[in-house]
Amino acid sequence: MSAPIYLGVIGVGGVGTAFLNQLARLPNAPKLILLARSSQTLLSPTPSYSPTIPAAEWKTAVETPSLTKSGALTPDEIATYLASAPGRSILVDNTSDPALASNYPVFLRKGISVVTPNKKGFSSDLSLWKEIFAAAAEGKALVYHESTVGAGLPVISTLKDLVNTGDEVTRIEGVFSGTLSFLFNTFAPASGSSSAKWSEVVSQAKELGYTEPDPRDDLNGMDVARKLTILARIAGLDVQSPDSFPIESLIPAELTSLPSSADGIAQFMARLPEFDSQMAAIKEGAEKAGKVVRYVGSVDVAKKEVRVGLQQFDKDSAIAGLKGSDNIISFYTRRYGSNPLIVQGAGAGGDVTAMGVTADLLKVIERL
């Protein structure tokens, strides 16, 4: 019988809740001994690390007298607790917290593997990226972060397979944001036409829950830039940070200084119609050339160039033909020649992102 594996989970938002639902349905699931949210931590009591936290009933488990309750713990405290478990342990970080991500090396050096959709650790300063993987080697731990790009789509695993088998990746190009995919597929469809104004489409996306609470967090292009940073690094480029290459922001310059408060968001949405003519001109310029405009990211590995912004595409191209909020990522390589290897599908949503996390967890369990 294989030794038990212990699990700590941080974050119970949309992705975290979906992950716990999937975890509860796994046969032979690892033992859930720590569940942390912003202000409270639930723990299996030491030294037995038993009973464990029921993933299916995690919301009511806080009432269980045999479990230990605590306030928020520091990353060091969580790492010490998990490292003392009577078997290998895994941390699943379902947050987007940069402070927690910067502490991944602390966990990895203690032999705690890390599984996460949190982009911050892998797309911030290059020194942290290098430290994460050095710490994993030192602690004989594993790091899986498939869901940092493309939610549950096999983007990172596909790129790693290409690189690890000796293929030469020359270019990566695609639509990496479900939000921006929806915005442009609606605003400038490849088939038919749309009379919707840009501000109306942004409002619609916000109401449907496609955007971040502050749509500027999507429109500034930084989310796409972080994903491109991760892929470029896997492809062998030492990208220093996501702001070390050109990013075309879709936030009008006049609105960049509005605060990120609820009032600032309301002001942004109220004033966005003032700039509809600018986006209409971009759309019409593409139409006159028989094309459509899309927001894409690209990595030119040979030229060592990364770029994020608007680009025109033929209406019959795969990128132009995307529907809804789908992502598409094309890998151009020596082996695949002029026909790229394409990964396409839903690139956003709690369930599909959690699926990527759960699949990574299973891969780590297989390898421990």
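Including glycine, each Cβ sits where the backbone N, Cα and C put it.
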Which of Thr95, Thr211, Thr229, Thr256 belongs with Val12, Gly14, Val15, Gly349 in the NAD(+) site listed by Swiss-Prot:
Thr95
Hey, of Val15, Ser96, Val149, Leu153, Asp223, Lys227, which of those recorded positions are within 10 Å of Lys119 (NADP(+) binding site), Cα to Cα?
Ser96, Val149, Asp223, Lys227
Of Val12, Leu153 (the binding-site residues), the residue whose Cβ has the fewest other Cβ atoms within 10 Å:
Val12
Where's the emptiest Cβ shell within 10 Å among the binding-site residues Glu146, Glu212, Asp223?
Glu212
Using a 10 Å radius around each Cβ and all protein chains in view, which of these recorded positions has the most neighbours: Lys59, Lys227?
Lys227
